[in-house]
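Here is what TrEMBL records for this protein:
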| type | residues | note |
| --- | --- | --- |
| TRANSMEM | 34-56 | transmembrane segment |
| DOMAIN | 37-452 | domain 'Major facilitator superfamily (MFS) profile' |
| TRANSMEM | 76-95 | transmembrane segment |
| TRANSMEM | 107-129 | transmembrane segment |
| TRANSMEM | 135-153 | transmembrane segment |
| TRANSMEM | 165-183 | transmembrane segment |
| TRANSMEM | 195-213 | transmembrane segment |
| TRANSMEM | 269-285 | transmembrane segment |
| TRANSMEM | 305-327 | transmembrane segment |
| TRANSMEM | 334-352 | transmembrane segment |
| TRANSMEM | 358-379 | transmembrane segment |
| TRANSMEM | 391-414 | transmembrane segment |
| TRANSMEM | 426-449 | transmembrane segment |
Amino acid sequence: MQRPSTSSPTGDLSDGSRREFSVKPWGWKWRSSYWFVTFVVWLGVATDLLVYSMVIPVVPFQLEELGYKHPASLTGWLLFAYSGGLAIATIPVAVWSEKYDARKLPLVAGVFILIGSQIMFMEAPAYWLMCLARTLQGVGSTMVWVVGLALLCDESPPELVGRQLGIAMSGLSLGTLVGPPVGGGLYTRFGFRGPFIFGIIAAFLDLAFRFLIIEGKSASKLRTDTIEKPDNEIAMETNDNSLTSDTEVENKKVSFVQVLRLLLRSHRALVAAFLTFVYGIVYSTQEPVISSHLNSVWGLNSSKVGLVLLASVIPTLFASPLSGWLADLQGPSIVIIISLILTVPWYVVMIIDGHLALFITAFACAYFFASGVLSPLTVELASVARSIDGIGYAHVYGAFNLAYGIGTTVGPVVGGQMYDHINKGWLAISLLAVGLLGLSVVVTLFYVGEKPVAQSFIRRIRLL
């Protein structure tokens, strides 16, 4: 005898399907919110910069203790190795992330690589192994700088991207703020392994939060209650999802060569990459020599160097959120121009070998205004991704990371060599920064934004 039909008006859903929709992960709402994603990316950036910057005041003294000469140059090569790993891994990670729509997996893998690189550096018996460890650290860092920023743009409302990116990018300042003094203090108290053990603990905390992320697509499925929808809504939703899937598949079919061609044809993308490169090289030329400069001019040891960097970086905690918020309101171009113009005078003041308080003030102001460039740049790149068919967020942030990686690869080597081999090395480094920043102002005037500032100004003059 045939059993009577038990199908519901909503369609033939099995008990298994019902259970699939009714059982939801713990805390799925807050774990899939863009605020939680913002926090995780912020924490990832902060951890990355913490681990990166802790060795800056430590390595020169450790190299001297091991009997190496020219510690500034050798420290520069270690920073070169990190940036080299960053640059090498960027393109494969960006292409992989967009092709397979992978966000969470690369983020988790990046922390494991970071932890492994710290253990290798801590136990390295030779200088070349230290370089290899820093290269692997750069590979791990690529995940948060490419995939993390792409995930944040995926999850955030377009009108709030600048604010959320600004908050996440403030992790850069926090990591830079905490890293040097913690590294110097732990090195003085516990020796060379102290800073690395602290960094490994921070990385495990970062890993725990990355595991908790629920990506947007998974969250959308959890939010969709298909059981209570009538047949016609399910059919319409299915058609919409099919169209969306077709569009996504078409975007994923764009090859790396096509992506490269599209980005190279975009003036906005090229200029954003150039500005990122300039930021990287200006920022990193000072890194390998700042400890030596403070030691030679004012006689500071590693702990005091860390305190100077601490006092200088505190204001930058507010620069990224503020500039990101302003970029949402006024557009990225005007914020970038103002930040660059206000940065230049302080690099000139840093040339003066007078009072230490004056140097710290100039250093803090220079870092504050320079940090205000990054958030608007990431907003500009997100806008570029939305304006070019076939280009995803991971692609543009891959370009961002590659440009920054090249800049921070070249910068430490240039800075270390200039400081060691030019009579007034610090003066030369500061003047190089002034020249690059001035060039960046001119380029930004003409090419950043949907309506560049210079073009808008010229139109207004013609209308007079």
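Easy rule for this one: first residue shown is 1, then count along the chain.
Glycine is no exception: its Cβ is also placed from the backbone N, Cα and C atoms.
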Contacting positions for the transmembrane segment (358-379) when only residues 6+ beyond its ends and CB under 8 Å are counted: 149, 161-162, 165-166, 169, 172-173, 272, 275-276, 279, 282-283, 308, 311-316, 318-324, 326-328, 332-333, 335-336, 338-340, 342-343, 346-347, 349-350, 352, 397, 400
Proximity verdict for the transmembrane segment (426-449) and the transmembrane segment (107-129), three or more C-beta pairs under 8 Å: no
Contact call for the transmembrane segment (391-414) and the transmembrane segment (165-183): at least 3 Cβ pairs under 8 Å, seq gap 6+: no
Leading stretch by Cβ pairs under 8 Å, where the reference is the transmembrane segment (135-153) and the options are 34-56, 76-95, 165-183, 195-213, 334-352: 76-95
Positions on the same chain near the transmembrane segment (269-285), where near means CB under 8 A and six or more residues out: 79, 83, 263, 336, 370, 373-374, 377, 380-381, 384, 388, 396, 399-400, 402-408, 410-412, 414-415, 418, 429, 432-433, 436-437, 439-440, 443-444, 447-448
Outside the transmembrane segment (195-213), six or more residues from its ends: residues with CB under 8 Å to it: 27, 31-32, 36-37, 39-40, 43-44, 47, 50-51, 54-55, 58, 104, 107-108, 111-112, 114-115, 118-119, 121-122, 151, 182-183, 186-187
Intrachain residues whose Cβ lies under 8 Å of the transmembrane segment (165-183), provided they are six or more past its termini: 38, 41-58, 148-149, 152-153, 156, 195, 198, 303, 305-307, 309-310, 313-314, 316-325, 327, 371, 374-375, 378-379, 382
Within the predicted model, mean pLDDT of the domain 'Major facilitator superfamily (MFS) profile' (37-452): 85
